[in-house]
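Peer 1: Starting off with a structure, shown below.
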Amino acid sequence: MPVAPRSRKPNLRVERALQRDGYRLLAGMDEVGRGALAGPVSVGVVVIDDTCRSAPQGVRDSKLLQPHVRESMVPRIRRWALAYAVGHASPAEIDEVGIIAALRLAGRRALATLDVVPDLVILDGNHDWLTSPDEVGLLAFTDEEVHTPPVTTMIKADLTCSSVASASVLAKVERDRIMVGLAGDHAAYAWELNKGYAAPEHLDALREHGPCALHRRSWRLPGTAVDDGPWGEPGAVVVDGPDMVTLTAAPPTTELDTHER
């Protein structure tokens, strides 16, 4: 598993090295929404070849950009990339198959939307959740089987590889738009502000109103039978708050649930 070299900003060094190794069409892939309590998990993919020159100026991992900057990056990334897509898996699908299989489902939906087949996927993180050891159950959610290209994982690829950083921006912007669009019909949860994450106003609303159909009901949520926190993905290490804690009550699943962020 390659470790991304230190860099002040993303660039194409890793992608160019892989292209020299024979992978002409490279797909950077990243997920957003994994740690949210409500809404989909989303996976962005950006495909480049050797005709795609320097990435749009200012592209970064989506977490490092202000919302208005992310929005402004989207048309520039789309013009730069050879192909791009964002796939989603719903809260119901997350509850049904677990977060790892849901990530795979969203990633494969993104790949299925492309009009090109990448030679290699650069996947942010240390776990290849895109390649399935067991297709049973997952294919029930897909219209047809999607060819999965070879995958290389890279820790902090979203900070180093322009294609992966671009994918994170597309996924973040699209998922945020979805959550803002859903907020009007679920005003109590303030999704237009927190995008479904465990912000104080979201937790307070869950305690008062309980979860709705768009919450991940297999997760630990305020206002449910298990209401002693911390909140989120079962088995996950929560790193977004001041403390780092592990959620121990896991729903039935056949997959190992790991959490990077």
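Each residue's number is its place along the chain shown, starting with 1.
Each Cβ is built from the backbone N, Cα and C atoms, and glycine gets one as well.
Unlike curated records, TrEMBL annotations are generated automatically.
Sharing the features that TrEMBL gives for it:
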{"type": "DOMAIN", "residues": "24-231", "note": "domain 'RNase H type-2'"}
{"type": "BINDING", "residues": "Asp30, Glu31, Asp124", "note": "divalent metal cation binding site"}
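Quick one: where do these features end up spatially?
Peer 2: Within 10 Å of the C-beta atom of Glu31 (divalent metal cation binding site) sit 30 other C-beta atoms, taking all shown protein chains into account.
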Peer 1: Name them in sequence order: residues not among Asp30, Glu31, Asp124 whose Cβ is within 8 Å of the mean position of the Cβ atoms defining the divalent metal cation site.
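Peer 2: Here the nearby residues are Met29, Val32, Val43, Gly44, Leu123, Gly125, Ala157, Asp158, Val164, Ala167, Ser168, Ala171.
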Peer 1: Might you list, by sequence position, any residue in that chain lying six or more from Asp30 (divalent metal cation binding site) with a Cβ less than 8 Å away from its Cβ?
Peer 2: Val43, Gly44, Asp61, Ser62, Leu123, Asp124, Ala157, Asp158, Val164, Ala165, Ala167, Ser168, Ala171
